[in-house]
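These features come from Swiss-Prot:
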type	residues	note
ACT_SITE	GLU137	active site, proton donor/acceptor
BINDING	LYS111, SER112, THR113, TYR114, ALA115, ARG116, THR135, LEU136, GLU137, GLN156, TYR170, GLN180	dCTP binding site
Amino acid sequence: MSIKSDRWIRHMAEEHGMIEPFSPRQVRHVEGNSIISYGLSSYGYDIRCAGEFKVFTNVRSVIVDPKNFSEHSFVDFTGDTCIIPPNSFALARTLEYFRIPRNVLTICLGKSTYARCGIIVNVTPFEPEWEGYVTLEFSNTTPLPAKIYANEGVAQVLFLESDEVCEVSYADRGGKYQGQSGVTLPKA
């Protein structure tokens, strides 16, 4: 298994639609303003989150149960920034849509810019032949409110190509998050 370079990522995005929309370079400024970078890097791709969020709240005193997760645990929010309450979390989705090849596994890691502020992005794989918008989780580990930015870099995806094709892909087994189009809550 090997990590894939910028050349391979660019080719797969431009010729096979692996990442849409795709930025072929690191973007660090928009309209003269500094932003948290996104786009193609040497051995990965920095993704953005869209401006739709679900912010966790316990105002309804529900129990957090991954087998029976209540939508009432979240407040929906749309905007260019999202404030996460202290010691809480928010869900968002990527701006980019992914189509992962059958012989590739990706790993999504948080950006150090956010980690240095106590905001942690979940580590998650995108399995072979998975496609959709990625649901991201941002944990605010601080005792203070924390801000995340839509349309700016939030995490990096690394692409690992196997030396052989898997017998059963995510699509073959009918994975429960296949083709997700928005922020998707846990499914058992």
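Any Cβ shown, glycine's included, is placed from N, Cα and C.
These figures come from a predicted structure and were not determined experimentally.
Structural mapping of features recorded in Swiss-Prot.
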residue	record	DSSP (3 states)
LYS111	dCTP binding site	coil
THR135	dCTP binding site	strand
TYR170	dCTP binding site	coil
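Neighbour counts were taken as the number of other C-beta atoms within 10 angstroms of each residue's C-beta; across the binding-site residues THR113, THR135, the minimum falls on THR113.
For ALA115 (dCTP binding site), the count of additional Cβ atoms within 10 Å of its Cβ stands at 13 [all protein chains shown]. Counted over all residue pairs in LYS111, SER112, THR113, TYR114, ALA115, ARG116, THR135, LEU136, GLU137, GLN156, TYR170, GLN180, the record's binders of dCTP, the longest Cα to Cα distance measures 33 angstrom. Cβ neighbours of LYS111 (dCTP binding site) (same chain, under 8 Å, six or more residues apart in sequence): ILE36, ASP46, VAL121, GLY153, VAL154, ALA155, GLN156. Just so you know, of the recorded positions GLU137, TYR170, the Cβ with the fewest other Cβ atoms around it within 10 Å is the one at GLU137.
Distance from the CA of GLU137 (active site, proton donor/acceptor) to the CA of ALA115 (dCTP binding site) is 13 Å.
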